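Visitor: Dropping the structure in here first, questions after.
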Amino acid sequence: GGGSGRDGKSQQGDSGKSVRGGPVSWLSFLLLLVTGGGIIVYYDKEKKRHIEELKNSTNSVKPAQSVGTAAIGGPFTLLNHDGKTVTEKDFLGKWTLLYFGFTHCPDICPDELQKMAAAINKIKEKAKLEIVPVFISVDPERDTVEQVHDYVKEFHQDLIGLTGTSDEVRKVARAYRVYYMKTEEEGSDYLVDHSIVMYVTFSIILSLSFEF
């Protein structure tokens, strides 16, 4: 009889736990669903708002903002490989292909200038278009007029070599957004780290007059 009573209490206790535990578990689950759903809705709204802001900021950029001074290029004064003063005006009305480098460059500059020579020859052959190749030195300390003269003639008969003072070279490099810096200096022997880029340019003078 006593064992039966203990079993009954035990069963009642177990059933009590299950009854009490059941509603608490379901309530927790329901709260979790509601909270989780709220978080998802919040982040979905935030995501849409962020995308809309990006779209609005993109649309606010007007194509007409490109009107004005060009971002690449500008006035310069240098000496060509024959010692003659040259400015950007000497290339007006001409297609030009510009490369910045230095004559003591061990491999990259020669490779790029060979590519330049091959390109202008191919364009002349296929498109009948004359392009003026131009080499601008970023090593004014060593690249004298004579040094540049001998260097450019190794690559193409039409290649124009330009050099100048440190200030003149710095100015033209800044105008064309070209980086350069001396590295590994050991006495007079050093390399010049620089941007590896070619620019195709065509310059014109636009003269407008208005009468009222």
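In case you wondered, yes, glycine gets a Cβ from its N, Cα and C as well.
Caution: TrEMBL annotation is automatic and unverified by curators.
Taken from TrEMBL, the feature region 'Disordered' applies to 1-20. Feature annotation from TrEMBL assigns transmembrane segment to 24-43. As annotated by TrEMBL, disulfide bond applies to C105-C109. Residues or ranges marked as Cu cation binding site by TrEMBL: C105, C109, H194.
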Visitor: By a 10 A CB contact count over all chains shown, which of the disulfide-bonded residues listed here is most packed: C105, C109?
Guide: C109
Visitor: Do any residues at least six apart in sequence from H194 (Cu cation binding site), in the same chain, have a Cβ closer than 8 Å to its Cβ, and if so which, in order?
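Guide: The answer is F100, G101, F102, V138, V178, Y179, Y180, M181.
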Visitor: For the recorded Cu cation site, enumerate neighbouring residues of the same chain (Cβ within 8 Å of the Cβ centroid of C105, C109, H194, site residues themselves excluded), in sequence order.
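Guide: Near the Cu cation site, the remaining chain residues are F100, G101, F102, I108, E112, V138, V192, I196.
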